Amino acid sequence: MQDGMKKWMQLPRDVLVGHDVIYDIKDVCRDLKMGKDPLIVTGCTTKKIAGDIVFDQLSDCGQNVRMVVSAEASMDEVDRIKAEALEHNSSYLLGVGSGKSIDVAKLAATQLDVPFMSVPTAASHDGIVSSRASIRCNGKTSSIEANAPMAVVADTAVISKAPYRLLAAGCGDIISNYTAVRDWELAHRLTNEPFSEYAAALSRMTAKILIDSADSIKPDLESSVRMVVKALVSSGVAMSIAGSSRPASGSEHMFSHALDMVSPRHALHGEQCGVGTIMMMYLHGGDWKKIKECLEVIGAPTTAEQLGIEDRYILEALLVAHTIRPERYTILGTGLTPAAAEKVARITKVIS
Ligand SMILES: NC(=O)C1=CN([C@@H]2O[C@H](COP(=O)(O)OP(=O)(O)OC[C@H]3O[C@@H](n4cnc5c(N)ncnc54)[C@H](OP(=O)(O)O)[C@@H]3O)[C@@H](O)[C@H]2O)C=CC1
Ligand SMILES: O=C(CO)COP(=O)(O)O
Ligand SMILES: [Zn+2]
């Protein structure tokens, strides 16, 4: 089915955003009749930060809880999680942690056709709500359709203690909606790709709200976390409405995925997408300087050096970005020439 042609949309039933909401998880599971004997998927670091809390919460109400630590968002991990869930006869799964843990649990739950709950420990990307899972398979990251979480429990007390870098990355992922929507509009005009005004407006508004309040995004401020989490939720909802990641993933994401392929070193997803947005907004003839300035105010990377990635990989990624999703038309068209890639990276000061 073409992007933007989904017959129905899946949205979470409950979205809790607030201080200490992690301690309401057992009530949410009961109210939503999630079943029993859950499997928690968490990360090495996030297990201690939140996985253990969720484990105790659900064990205390008589559930036979199992927890596994997942280190990567790969199809092998998804298969491992599914095997664990089947062996344990888990009636629902929880992803507790960052994007990798949430995506692996989300896709495993979808394939097992059991409910899934998203419990993010960082506001670093909009996958906390979306009906997409970005999973590596045969060396390539693909965006796979999944069931949206039945519930999202975003504890702002936990998330505000996460490294600020993760919050700044989440802002980059939201700001990237600007070029994603421009690419979608372009594809609609040039190829008649189905387009949802509603999903596009929600996605664009989410980015605008964040850009207009960039100077209030500060470290250790729970109000900053609340703002970014709500923006990530809206962005994820826009993807669910569209039935694809189109409203939140365009040429800037293709650049980021290409970077993941060509560069031996990676920055965070949202950081790479933010830098990609600067360059793609230049190609769109938009106000790329405003994007760059906003990311600088927030404290997100705006150059290859700040990403910790060599200039040559930025150029390499620009040259192959259009091949990441050939079916998704963007401003990259049939690809940049080497001279055009060099020009956009230098003019926007992404490379020096
Ligand atoms: N499905 C979707 O719609 C989307 C999916 N994604 C995917 O999400 C992933 C990126 O997620 P992202 O979160 O940026 O990066 P990672 O999943 O790589 O997590 C970054 C690191 O942050 C750590 N961390 C998370 N929370 C805390 C905390 N509170 N305190 C200390 N450390 C913490 C994690 O620990 P630990 O090692 O314990 O996990 C991990 O080591 C990518 O795989 C991307 O493809 C991105 C956007 C949308
Ligand atoms: O990162 C995403 C939206 O922010 C998901 O997009 P992809 O479909 O490119 O994985
Ligand atoms: Zn993203």
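The backbone N, Cα and C atoms fix where each Cβ goes, and this holds for glycine too.
TrEMBL does not curate its annotations; it predicts them automatically.
Less than 8 angstroms from the CB of S124 (NAD(+) binding site) sit S98, G99, A162, L166, L167, A169, G170, D173, L268, H269, G270, each of them six or more residues away in the same chain. Per TrEMBL, NAD(+) binding site is recorded for G99, K100, S101, I102, D103, T121, A122, A123, S124, S130.
Among the features that TrEMBL reports, glycerol binding site is placed at D126, D173, H253, H269. DSSP assigns H269 (glycerol binding site) to a helix.
All protein chains included, D126 (glycerol binding site) registers 31 other Cβ atoms within 10 Å of its own Cβ. For D126, D173, H257, the entry in TrEMBL reads substrate binding site.
Under the DSSP three-state reduction, D173 (glycerol binding site) is assigned to helix. Among the features that TrEMBL reports, Zn(2+) binding site is placed at D173, H253, H269.
Checking the binding-site residues G99, S101, D103, A122, S124 against ligand 2, none has a C-beta less than 6 Å from an atom of that molecule. The Cβ of A122 (NAD(+) binding site) lies under 8 Å from the Cβ of G97, S98, I159, A162, P163, L166, L167, G170, each of these being in the same chain and 6 or more residues away along the sequence. Cα spacing between H253 (glycerol binding site) and D103 (NAD(+) binding site): 17 Å, rounded to the nearest whole number.
When every Cα pair among D126, D173, H257 is compared, the largest distance found for this substrate site is 16 Å. Largest Cα-Cα distance over the residues recorded as binding NAD(+), namely G99, K100, S101, I102, D103, T121, A122, A123, S124, S130, equals 16 Å.
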